Amino acid sequence: MSVAILFLTFQGSVTAMTVFFPLDTARLRLQVDEKRKSKTTHMVLLEIIKEEGLLAPYRGWFPVISSLCCSNFVYFYTFNSLKAVWVKGQRSTTGKDLVVGFVAGVVNVLLTTPLWVVNTRLKLQGAKFRNEDIVPTNYKGIIDAFHQIIRDEGILALWNGTFPSLLLVFNPAIQFMFYEGLKRQLLKKRMKLSSLDVFIIGAIAKAIATTVTYPMQTIQSILRFGRHRLNPENRTLGSLRNVLYLLHQRVRRFGIMGLYKGLEAKLLQTVLTAALMFLVYEKLTAATFTVMGLKSAGKH
């Protein structure tokens, strides 16, 4: 049954990612292309469609979905393996789940970052950038992107953005902390939470966690893209020194809000994705149990 639930959850996440993929495209453009004047999500999307074509907001969809599949597999496999070894039939606790989740997140980052680096490059290939410092790419696909990155930038370039990615592993912990806090406050006023209550506090907790960690997401995207002509004194990508340099440069040139370009699109995607995942999951679960019920009825 747990495998079926996991499959239904994954189906919901893929559906939601596909429907709201243009929002992620807008978010990435705003993060990487610092000189883009349009600040709102809908204006950025309209510019992309006008300049690059109707399907441009969906550029890089397949690499992202492929990376999502691999990332989910690595995370859940690592999480369940570590939990089985540590818990060993004992009752699991929230603290243990958080620790195991954090370790699984670190393993996931280290193993799947090359995939996310490649799909970030492919999503942005062919984009009409306002920033003239960005070096264009010409990849023929996922395999060719891997080959060119290793040949031109070295194999370690595939792990660009690893440091901020490791920091972002704390995102679920922040979300969980606020979720539990909000849930406790609501339970003081009522005996039981409805599905709508759970969805709303989950969305609020996710929005808070996203806002808190968004500057690191911005730096992560810039490092993964890795196509900016770098300052001669700062050629290496991925180090703590470089992360601090990029944060400082972004704030110096665009103010503190420069770290939050694209946040509107990210929050929209986060909340709408959660809503659609919830809806798809409920519908698929109901349909699955209905079919199972019909099958069992047929046997009698």
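Glycine is no exception: its Cβ is also placed from the backbone N, Cα and C atoms.
Look at TrEMBL and you will find 3-85 (among others) tagged as repeat 'Solcar'.
The feature repeat 'Solcar' is assigned by TrEMBL to 92-185 (among others). Averaged over the repeat 'Solcar' (92-185), the predicted model reaches a pLDDT of 89.
Taken from TrEMBL, the feature repeat 'Solcar' covers 193-287 (among others).
Residues or ranges marked as signal peptide in TrEMBL: 1-16.
Outside the transmembrane segment (60-77) by six or more residues, the chain places 6, 10, 13-14, 17-18, 21, 24-25, 104-105, 107-108, 111-112, 115-116, 118-119, 122-125, 142 with a CB less than 8 A from a CB of the stretch. Marked as transmembrane segment by TrEMBL: 60-77 (among others).
Under the heading transmembrane segment, TrEMBL lists 98-118 (among others). Tertiary neighbourhood of the transmembrane segment (98-118): same-chain residues 63, 66-67, 70-71, 74-76, 78-79, 82-83, 86, 142, 145-146, 149, 157-162, 165-166, 169-170, 172-173, 176, 224, 226, selected by CB-CB distance under 8 Å and a gap of 6+ residues from either end.
Per TrEMBL, transmembrane segment is recorded for 163-182 (among others).
Long-range contacts of the transmembrane segment (194-214) within the same chain, counting only residues at least 6 positions beyond its ends with a Cβ under 8 Å from a Cβ of the stretch, are 167-168, 170-172, 174-176, 178-179, 182-183, 186, 259-260, 263, 266-267, 270-271, 274-275, 278, 282. The transmembrane segment annotation in TrEMBL covers 194-214 (among others).
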## Note on the structure
In DSSP terms, the repeat 'Solcar' (3-85) comprises 69 helix, 0 strand, 14 coil
#### Entry: Spatial neighbours of the transmembrane segment (163-182) far in sequence, C-beta under 8 Å, 6+ residues away
98, 101-102, 105-106, 109, 113, 116, 201-202, 204-206, 208-210, 212-213, 216-217, 219-220, 223, 238-240, 243
### Helix-strand-coil residue split for the repeat 'Solcar' (92-185), DSSP-based
72 helix, 1 strand, 21 coil
